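Q: According to Swiss-Prot, the Fe cation binding site annotation covers H111, H115, D307. As annotated by Swiss-Prot, substrate binding site applies to L136, V137, S138, G139, G140, D169, G182, N279.
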Amino acid sequence: MRILGIETSCDETGVAIYDEDKGLIANQLYTQIALHADYGGVVPELASRDHIRKTAPLIEAALQEANLTAKDIDGIAYTCGPGLVGALLVGSTIARSLAYAWNVPAVGVHHMEGHLLAPMLEDADNRPQFPFIALLVSGGHTQLVKVEGVGKYEVMGESIDDAAGEAFDKTAKLLGLDYPGGAALSRLAEKGSAGRFVFPKPMTDRPGLDFSFSGLKTFAANTINQAIKNEGELSEQTKADIAHAFQTAVVETLAIKCKRALKETGYKRLVIAGGVSANKQLRQGLANLMDDLKGRVFYPAPQFCTDNGAMISYVGYLRLKHGERTDLAIEVKPRWPMIELEAI
């Protein structure tokens, strides 16, 4: 079985092909970073229009990469949600149309389930076994999920306001960093010194597994404003020190909540996925945590941390093999709780 996967939930156009016997055999990705850079964030209408231009050429490129034709494809998977409604509609329309034209089944995939299962694309030694705790951390989501199998998910905690990735991006903007801000802030934080600034670790002084990062963003804004009053214009070192303090607070907050979830369940495996999972300090912090707990942390390869078609083709393969099908109606779900997914 070979499944073509299409990802268009936000500002990356991803197309990939997953083969039941060979694994991932094609992976094409186009990012819209340059398109949105002047605006300092994703402009939904521009994102949708760019997906229209790029999806078909990427499908052709993926088929060429795998040395296949349309006749070799057994099914199509596409991101059905959550995400930007216009962007989702582009991918779903193309996917449904191709499925009809090629006379193959199609299935709509949950974007965050794609991220959650992205580590399964790794080789057997680096692939987590069920059950595990998953930390899904991106620009739009911060969730702790108890995972007992494919589709067997329990959201144990999530952000009640800003996602961690969103807080990274907004703090980067306050520091005057280039878009995409989260990655720029992480690079700058590596040059910062510990101890000059100390940020709070929100909601760690109370029980529970929910997150809140809006207050941390406000604390960053106040810290930056005070530093400007003291220095006039912020030096690069001051910016780096603030970035380091902010990132440390986020990483330690995430680690504390992960530790609570692991202790509550007794699990020894932790998966970290989503765009922020590429953050070096976060990876190291969670690796240290799992060493202390005598467990293991798993994460996707760097190219599968951000949005991509590979994770969609893989999850689509699992669900199509199970017999799931999406009818011809072109329907997307900008908001889609994971608990609504069918267990397989």
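Positions of Cβ are set from backbone N, Cα and C atoms, glycine also.
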Q: If you measure every Cα to Cα distance among L136, V137, S138, G139, G140, D169, G182, N279, the residues said to bind substrate, what is the biggest one in Å?
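A: Among the residues the record ties to substrate, max Cα distance equals 17 Å.
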Q: Going by DSSP, give the three-state secondary structure for S138 (substrate binding site).
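A: DSSP call for S138 (substrate binding site): coil, neither helix nor strand.
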Q: What's the CA to CA span in angstrom from G140 (substrate binding site) over to H111 (Fe cation binding site)?
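A: If we compare the Cα positions of G140 (substrate binding site) and H111 (Fe cation binding site), the gap is 11 Å.
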Q: Write down the Cα-Cα distance for H111 (Fe cation binding site) and S138 (substrate binding site), rounded and given in Å.
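A: Distance between the two Cα atoms comes out at 12 Å.
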Q: Measure from the Cα of D307 (Fe cation binding site) to the Cα of every one of the binding-site residues G139, D169, G182, N279, then give the nearest.
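A: Checking each of G139, D169, G182, N279 against D307 (Fe cation binding site), the shortest Cα distance is to G139.
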Q: Give me the CA-CA distance between G182 (substrate binding site) and H115 (Fe cation binding site), in Å, as a whole number.
A: 18
Q: Between G139 (substrate binding site) and H115 (Fe cation binding site), how far is it from one CA atom to the other, in Å?
A: 13
Q: Please list, in sequence order, every residue of the chain apart from H111, H115, D307 whose Cβ lies within 8 Å of the Cβ centroid of the Fe cation site.
A: E7, S9, T79, M112, G114, S138, G274, N308, M311, I312
